[in-house]
Amino acid sequence: MSAQKERWDSSLVFLLFCASSIPRSGSVGLQQEPSPQHYFSGLEAGKASLAFFTPSVSPGAQPFLEQIESSAEALQDYGISVVKVNCPKEDVSRYCGKENALRKAFLFRGNRLIREFPTDALFDVNSVVANVLFALLFNEVKYVETLADLENVENVLKGKSNVVFAYVPATGTAEHRAVMEAAFVYGTIHQFVLTTEAALLKATSHDDPDVSSAWLLFCHCQRATDPAQPCRRTALGQPLTLLNIHRHLKLMGAPLVTEVAEDPEKVSTVHLQLGLPLVFILSQKETYEADRRTAEFVAWQLLGKAGVALLSRDLVDLNVLHRSNVALKTPAEGMPIQYLVLEDTDEVITLVEDKNKVKRIQEDEQQEEEEEEDEDEKEDNNQDIQDDQVVEAVSRDKKRELPLEQVLVLTEENFHSSLSEAARTVVLFYASWEAVSLAVLRSYSEVAAHLKGTPGVLLCRVNCWDWPGLCSQENVTQFPTLKVYKEGQHSVTYDGMWGTQELSSFILLSRVPCPLQLATVDEAEGYLRGEFPSELSSHHHTSLLGVFSTATSEAREAFEEAGNILHGHVRMGMYFEDDALALSRKYSVSPPALLLARSGGGSVEGMALSKRSVQDVVQMIRYELLDIFPEITVPNLPQYLQLRKPFLILFSAGGISQMETKEMLKLAKGRAQRAFVACWLNLKKTPVGHGILRKYFSTTPSLPVLLWVNLHAGGQVFKFPPEQSITEANILAWLEKLQAGLEIPSSTLSEEDWKPPLPAYDFLQMMEPSVPELSPHPGATPVPRPPKSPGGDTATREEPSQEGKAEEVGSPGRGLRGTAPRLAARDKQGKRHSEL
């Protein structure tokens, strides 16, 4: 009865602790003040308040007000009031001026301003509570950036107090809020330390922690009485929530080893009350000191997983085998204590971990129905972490200031006038709260530095959070979007890779017509040598030249349309003068013909352009641009998979030898080259290849290894005999055996699709929830999606002129500003502590 009563008492304290995080009906919500003067006159000394100054009519602030009102009850539990202050129209003071109204919230303690927050940093309840408490506890919660900073804090507190060290990938998240709320309650007992530096987290661990997840370590500095003794650290093994932090701190505050002098059945400790097992080390007077050291060692290993008690046989009459040395008590009611004979401490630790595994299996069976009900919620949680690698990359480099001096900032006032300042205006439409946008903005700054001084090119950017009407007018429905405007009129939308090299290439190729019409044979020859036009003379890219006679107008028209589709991605020229026949015959072809000069190559390949449809021409050009013997990488793999051909792929631990390259090239250029893709993969440059080989074989084979893989028909994997040298003759003979069915496959891949582990974000679907309409024009109608190009290519598309769009384009459905807080809640992008 006593143990049960203690368990109820502990649970009651536990629930009371968490009650402050649960909104209560009838609690004080968002307060309103009629004017700034009325608000400031009512401020009380020492009392904190979060104020938001807004004009009386402000539909643009509605999404922010929804979040701030939802946060009012949570902040009220910490003695912080949330106030909406109405600004009279004539008031242009500091807080009601255009610069601050609708854009900032202000935290006061009494009449003293503590911190200003941009409203886009307070995108949901978690971000509001976390950032406000972080500001109020600025002096109590230390922010550290390096391992030396953390160790300095530990050294000061050794022998005095313990340290709670928390890592969050970004501020303003649910995990950040949990840490701040725990610091508000436990800050007088423990020293809280916070960081967002992934490098610091890795430096505190011998393993390789997942920096995309939040972590909490309890540093036992109070036990380190010797200045040279390091503080032991115990990690929280559960997700970083307020309940789990409370549970962890309660476990860390319990005695490391409890000495017991009563019947184990009557013993109740905090571990049992919190659902963890209790391990008894059975001792006797003669071995007490050794048993005590053993118990302490086991306790440190099981800290946070189980409790450890030292049970004296001399004081308790146990009716068990004399050789029993360990007992295990589980928290389940009615379960008998197990008395065991174990040989070493490793068996004790394994016993606890195995028991936990058995318990989880039993719970999984009992909770099968609950897991099915929670399936949708788990999918949502998975969506929350899908872009964590991007968020982590942005967060890791957030302190590095981007060199954006060469990029012009556009607004509704200067957008249209700026488009006419250069022959080609490049505009990046992005959202300042969205992680992918910030990652692309970094590449964009590098592009700006690379293209600095390029005549006729102007690089600009538009923050769609600040100018949603402008982005809607330009038909921007996803972030980020890059458009190239020609003399302020027609625009081409980019839909390729977001790397610096790919973006630079697209912008440079967009400067010249596609296809470029050539007037003389000398111009055509110079074009094939890469010397013409002068704008692209320094840009190394494969040149394609279509040669047409007057009788081949149909093929020429298809070639011209293919150039419009591939504009910005391919360097294409066209020659159809009277001497076109002589030019084509020089390369042993007749019009219509396609001449191809590869970058870095000295020869020109000529081929008949027998295709007549635009789609056929596009596909032919794309195929001819592929390398003959390519190195497979993550970016270019989709291009070769689209061919739906078997792969003859050479896996190598580094570069391949000249002999292997020569033999594979001879094979790729042979008559059978169009039946398969001959390629190679460097495992050092593309380490994902190790996972591919493990999928093919149980263990990674000796390298190099040549494989035949047919992903599109049967999924069989054949391994070239390792005892044979890689020569054209040996490979052809081996391929003939494969075709005859004389070789046995090394493995066969399953028929299931290799899909991404999680579905991609559908931003348009996420915009469907009810959001205030913010159409830039009254009565505007939704804009239909542009049709796919004839070649099935959506990489680039021509768009209407600015004048036409001003008349036709309305709101694409929902206002971007109203959607931003909801998207920001998913792609949480926090700021540095010093920037808040």
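Backbone N, Cα and C define each Cβ position, glycine as well.
TrEMBL annotations: computationally assigned, not manually curated.
Annotated compositional bias 'Acidic residues' per TrEMBL: 364-379, in sequence order.
The compositional bias 'Pro residues' annotation in TrEMBL covers 779-789.
Summarising the annotation, TrEMBL assigns compositional bias 'Basic and acidic residues' to 795-808 (among others).
Residues or ranges marked as compositional bias 'Basic and acidic residues' by TrEMBL: 824-836 (among others).
Under DSSP, the residues of the domain 'TXNDC16 N-terminal' (32-133) split into helix, strand and coil as follows: 36 helix, 31 strand, 35 coil. Taken from TrEMBL, the feature domain 'TXNDC16 N-terminal' applies to 32-133.
Annotated domain 'TXNDC16 second thioredoxin-like' per TrEMBL: 134-255, in sequence order. Model confidence over the domain 'TXNDC16 second thioredoxin-like' (134-255) stands at 90, taken as the mean pLDDT rounded to a whole number.
What TrEMBL records for 256-347 is domain 'TXNDC16 third thioredoxin-like'. Broken down by DSSP into helix, strand and coil, the domain 'TXNDC16 third thioredoxin-like' (256-347) contains 27 helix, 22 strand, 43 coil.
Positions annotated as domain 'Thioredoxin' by TrEMBL: 407-507. Remark: secondary structure over the domain 'Thioredoxin' (407-507) totals 35 helix, 26 strand, 40 coil, with classes taken from DSSP.
The region 'Disordered' annotation in TrEMBL covers 360-388 (among others).
Summarising the annotation, TrEMBL assigns region 'Disordered' to 770-836 (among others).
Look at TrEMBL and you will find 1-27 tagged as signal peptide.
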Counts of helix, strand and coil residues, the domain 'TXNDC16 second thioredoxin-like' (134-255), according to DSSP: 45 helix, 23 strand, 54 coil
